[in-house]
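Shown next, in structure tokens, is the structure this report addresses.
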Amino acid sequence: MMGQRILIIYTGGTIGMKQTREGLAPAADLAEEIRSLVELGPAFQQQPPILETLAYDPLIDSSDMRPALWLKLAIDIEKRYDDYDGFVVLHGTDTLAYTSSALSYFIRRWGKPVVVTGAQLPFGFPRSDARANLISAIEVACTMPGSLAQVCVVFGSRIMRGNRVTKISARAYDAFDSPRYPLLGKIGIDIEFQGSRRLTHGERLASRPLQAPADDSVAMVRLFPGISANLFNAICSAPSLRGLVLEAYGSGNAPTRDPALMDAIRAAVKRGIVVLVVSQPLDGVVSFDRYAAGSGLPGAGAISGGDLTPEAAVTKLYYLIACGLDAAQITRELQRPVSGEMSL
């Protein structure tokens, strides 16, 4: 009996970098390291997986990630969907949470694991986590139960839903966490999946053709003491802007005693810009009716993102724009999950 067929897509990132005069930069020969993983350990001694690689050219530093590249990655996976049992995406850590969130929307075929991983240190560095993360990602791609199959992130000791993760550390090996949703599983001596984390997909938008959204069609603004209406208006003056993620305080609070700022938000919504509110704290949920300071944003036409992470919120806006929806349709779709990214 043949092993599972797994496609490993190398987009770039620290996991495959090499030292250059300018610092760490993506290297193209990671396939050699992957081929050395034929002896993956006890989990595969009887039935080793069939590993194939697809390396992007040019490789991408994750700081250079763009919405068009999310769409390309999703299309690359969908084109090969019937040929493989699972997929592993190697990615830089800086924007990994954005890409894993985006893939959960942009991939419209379901039932196979798409595992996104990376590393804090490249292969060949002392105490590198690259090999362990890659082996864990391959094993998860091979063994994840069908009822759990989805876009997920494997990093350190955690298996997380792809649109629920956020980067919490630039130094620790457990660099990502899922503070607003339980883990899909844990990685120790054994891999333990949490069988209750089943995913229900929203199929409403699956038939809509996708067009790469413009980079400047979405913006993100984080509230801070002293933010002014002038600053908000300047951001919203971008002619291509269609959606804005507003990171509010606590449970969705904003400086409601600043009428100019509330008027600026109201004017943006009136111009057709969808304003989606998320919570700044790692473990935060927007609930406008909890405090009086939360009443101003919905009054100005902003909508609640509930427990969406900022990364999932930004990429969901890009996805809905890519579907060709207008402001009213986007507003409606933001209030229900596409791929398990929010709790109802």
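Note that Cβ sites are derived from N, Cα and C of the backbone, with glycine treated the same way.
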Check TrEMBL: it lists THR93, ASP94 as binding substrate. Then name which of SER62, SER101, SER104 it lists for that same site. SER62
Could you give me three numbers for the domain 'Asparaginase/glutaminase C-terminal' (218-332), the DSSP helix, strand and coil residue counts? 46 helix, 21 strand, 48 coil
Validating a neighbour-count step here. Other CB atoms within 10 A of the CB of SER62 (substrate binding site): how many? 20
Least buried of the active-site residues THR14, THR93, going by other Cβ atoms within 10 Å? THR93
Taking only the CA atoms, the spacing between THR93 (active site) and THR14 (active site, O-isoaspartyl threonine intermediate), expressed in whole angstrom, is 7
Just jot down the residues in the same chain as ASP94 (substrate binding site), at least 6 apart in sequence, with C-beta under 8 A of its C-beta; none if empty. SER62, SER63, LYS167
Give the helix, strand or coil assignment DSSP yields for SER62 (substrate binding site). helix
What is the set of residues, excluding SER62, THR93, ASP94, whose C-beta falls within 8 angstroms of the centroid of the C-beta atoms at the substrate site? GLY13, THR14, ASP61, SER63, MET65, HIS91, GLY92, THR95, LEU96, GLY118, LYS167
